[in-house]
């Protein structure tokens, strides 16, 4: 039995917020702000976006390690946040997230048609998220009401490690019956999500405009001038540079062209780990 390179993609493994649903990735961001506020600690939207892509407990821990936020917490409680304090914030975050997730549950405009086309071309659609399963179940339910059902879903608490570790992406490979990680493309709007795909040995596509990095609504994105959009693209490309995505595109609606290019490269014998 001999090894041979895959010659075409078999699966796209997609993030959720900022990738397929919730243009601008507002659902988790706003709730982080509200959860900290319930402890009389101010966190801005921009600060809350910083660690996006991680599991939510890790996200809160990372925010609490930011010196400015830790100092605000110390002024209220007389100490910097411990892991138990992080858990207290997380336990307030969770019910708020479940309660308000529907507010930001709309599909990315055009995403459903794009994914339908990819499936017609033979791709399986896996997915994973920084949300825990109790939130993910609600996200999946709301997406199904809007016509989107992934072939597999992996929440951050269903594997030993969340992003940027590769476990969630690899859990999709196993569940979907994919025979080679190089036959998968991981699509995400965050650096931890791209690192997840890289470490899993997959092709990676970073989304520049639909997610956390740009942080605008669909209407805000559409209102940008050509000069503003180009400036934001340059800023966000630099943000992703260290995670080395194979491709950067504005939204998931450009993914079919990327898939076609990856298939061309695979047919030539190119592999994602080599680039």
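Even glycines carry a Cβ here, placed using N, Cα and C.
Residue 15 (active site, nucleophile) falls outside any helix or strand according to DSSP and counts as coil. Annotation comment: Swiss-Prot describes 15 as active site, nucleophile, evidence class sequence analysis.
Applying an 8 A CB threshold to same-chain residues 6+ apart, the list for residue 56 (active site, schiff-base intermediate with substrate) reads 28, 90, 93, 94, 97, 130, 131, 132, 156. A helical conformation is recorded for residue 56 (active site, schiff-base intermediate with substrate) in the three-state DSSP classification. The annotation active site, schiff-base intermediate with substrate is assigned in Swiss-Prot to 56 on the grounds of sequence analysis.
Look at Swiss-Prot and you will find 15, 17, 189 tagged as Mg(2+) binding site. For residue 15 (active site, nucleophile), the same-chain residues 6+ apart in sequence whose C-beta sits under 8 angstroms from its C-beta are 53, 127, 128, 129, 187, 188, 189, 190, 193, 211.
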Of 17, 189 (the binding-site residues), the residue whose Cβ has the fewest other Cβ atoms within 10 Å: 17
